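> The structure follows.
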Amino acid sequence: TRKWHREVNLPEVTQQDAVCPASILSPGLSAQTGLQGIWGAVHCQVCPGAPAWPGSPWHEEMGLLLLVALLLLPGSYGLPFYNGFYYSNSANDQNPGNGHGKDLLNGVKLVVETPEETLFTYQGASVILPCRYHYEPALGSPRRVRIKWWKLSENGAPEKDVLVAIGLRHRSFGDYQGRVHLRQEKEHDVSLEIQDLRLEDYGRYRCEVIDGLEDESGLVELELRGVVFPYQSPNGRYRLNFHEGQQVCAEQGAVVASFEQLFRAWEEGLDWCNAGWLQDATVQYPIMLPRQPCGGPGLAPGVRSYGPRHRRLHRYDVFCFATALKGRVYYLEHPEKLTLTEAREACQEDDATIAKVGQLFAAWKFHGLDRCDAGWLADGSVRYPVVHPHPNCGPPEPGVRSFGFPDPQSRLYGVYCYRQH
């Protein structure tokens, strides 16, 4: 909460018991405190013997002087900043708002509660980000509060406003419009429901409760269940700048992976010797088995980093992140092998679309798709998923095998299709 305090000193007088006529002060402000709030503070003093009753010439002159002084304050235009919701101001706030907020009148603490554990869900689902608040000790009557939810900045992405609300009035912003609302099913429950989750919705969200000039907040971390996979351009190794990496991940039903997602994939066994872009524009790669071409056998296993690289000039591969599916990926049983064009048409005839690389990885990871038949995918690559390795089906480790990008006219492969539920 930002607070401003400015003083305008009127001509000094010596009479000690001079007072401000209470009637010239703004509504809700006392003669003892003067004009206080987000505009600043004006301390009023009068000359000895000056009449202080409403309607007197002195009263009118002093009222005009105070109004002029108020309007001359930097940043003051007679009303506070207006964004669709007025703040409730109080003159007695002295708490800077660290830790638990103290009630403006009686020292009651405002407490906001959010879960410490990370919430996991999947693309297309609905999720509730829990947030409740209460007062210590409890108050006998309800107070009017303002609620604000926003998504924190990370990996270079800007902060995003999600929703603000006062009572039953609320407003959502940007890509969240029509997809978010407050639960408010119980008293002091201000949990946020997000519907039709998108890949870019994962991250940290802050729930803020504002009571007058006091505010308290809590964090909720949202993760989508997904799989990290390396992606290489059809033109070969290290051909993608950062922006092209973003584009190819999106084309494959994915987003550029974050470091946290790559690190979690490494913990689960991902071993890849080609460096790739991450969401923060760093270039890194995960190694489980140290070896000569991958940093040397003397280095411990881990995620190797080249650090930040120029987003346009430098070129690498990219690590993409795809979340769990709402639909089904399957190998299309077809009497003949197909060209890439024929593969697309065959999926359409089966009321489906040709699968994307991210969809195949998600089906392998979350649905146990296990097939030793190589098939076309939407990007023109040929791959096949193996959950239980067996003879004549590639290396002894589980994974998605790749034949690269064969001639689109070759009739050597089948096709993997995707049908949404």
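Each residue, glycine too, has its Cβ placed from N, Cα and C.
So TrEMBL lists the following for this protein:
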DOMAIN    109-225  domain 'Ig-like'
DOMAIN    227-322  domain 'Link'
DISULFID  Cys273-Cys294  disulfide bond
DOMAIN    327-419  domain 'Link'
DISULFID  Cys372-Cys393  disulfide bond
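Tell me about the setting of these features in this model.
Across the residues of the domain 'Ig-like' (109-225), the predicted structure has a mean pLDDT of 91.
Taking a C-beta cut-off of under 8 Å and a sequence gap of six or more, Cys294 (disulfide bond) has these contacts in its own chain: Cys273, Tyr285, Ile287, Arg304.
When other Cβ atoms within 10 Å of the Cβ of Cys393 (disulfide bond) are tallied across all protein chains shown, the result is 15.
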> What is the total of other Cβ atoms whose distance to the Cβ of Cys372 (disulfide bond) is within 10 Å?
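By my count, 16.
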> Sort the residues of the domain 'Ig-like' (109-225) into helix, strand and coil with DSSP and give the three counts.
6 helix, 62 strand, 49 coil
